[in-house]
């Protein structure tokens, strides 16, 4: 008998993967957590029925969240990741030699625990001496921070459950306060096919707070529609004006200095969402 998992991305559309075995399943304090081994994408983390990451395609998302803002900032030393308990963004952050400290604030400690167990290639960096892991509410952590971080990355789930507060204008205002005077932040902002209104709303809210606000995309096969967006807000540095000498060699599978600029070239229907 074959076992298949289907994520219903809308009421009428979804993505299906063949499952070899279930590694762990649990109702945590915050969400339903499943870790499964798939035939095509390796081990897969699923939260509340939604694919969060897989061993096969995780590098796309994690590289694009981390490297776009980190190469935009001239000297990122203190970095905060809100969410991201699988550790993938932290792994990419630590590839930048200027980074002296990376703080991870994840509300669900079980995500960290089982990512370390079943996704070691992704979560291994959480044990690095430069990393401080805090299990707690990222919204509250931001509210309690001021003029502290060079770069803040919001690696959240969809705007449901514990992540709802991470898609509000008040949260973005708090991020601005938590950043230094030339700070940068980035957040994943879903896809333009099924949630166009989210992209429009977030971009508008961020633009009212940050003088430089841009949208960029990446192709992620296991995420809804495969086309994913990220919104970047910056107080001073424009991601489209990064000098050539700022790019240094790091090991990546998706991100390149050429792709850095290309990611901001939007299909017309996507660009129309933020006009």
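Keep in mind that glycine also has a Cβ here, set from the backbone N, Cα and C atoms.
On the 0 to 100 pLDDT scale, the domain 'PABS' (2-235) averages 96 in this prediction. Sequence annotations record features per position, and here Swiss-Prot assigns domain 'PABS' to 2-235.
As annotated by Swiss-Prot, S-methyl-5'-thioadenosine binding site applies to 31, 106, 137, 138, 162, with the evidence given as sequence analysis. Taken residue by residue with DSSP, residue 138 (S-methyl-5'-thioadenosine binding site) is part of a helix.
Annotation for residue 86 (spermidine binding site): same-chain Cβ neighbours under 8 Å, separated by at least 6 residues, are 45, 52, 53, 58, 111, 112, 115, 119, 122, 123. Per Swiss-Prot, the feature spermidine binding site maps to 62, 86, 155, 156, 157, 158; the stated evidence is sequence analysis.
The active site, proton acceptor feature in Swiss-Prot is assigned to 155. When Cβ atoms from all protein chains are considered, those within 10 Å of residue 155 (spermidine binding site) total 27, not counting its own.
Distance noted between the C-alpha atoms of residue 31 (S-methyl-5'-thioadenosine binding site) and residue 62 (spermidine binding site) is 22 Å. Classification of residue 106 (S-methyl-5'-thioadenosine binding site) by DSSP places it within a strand.
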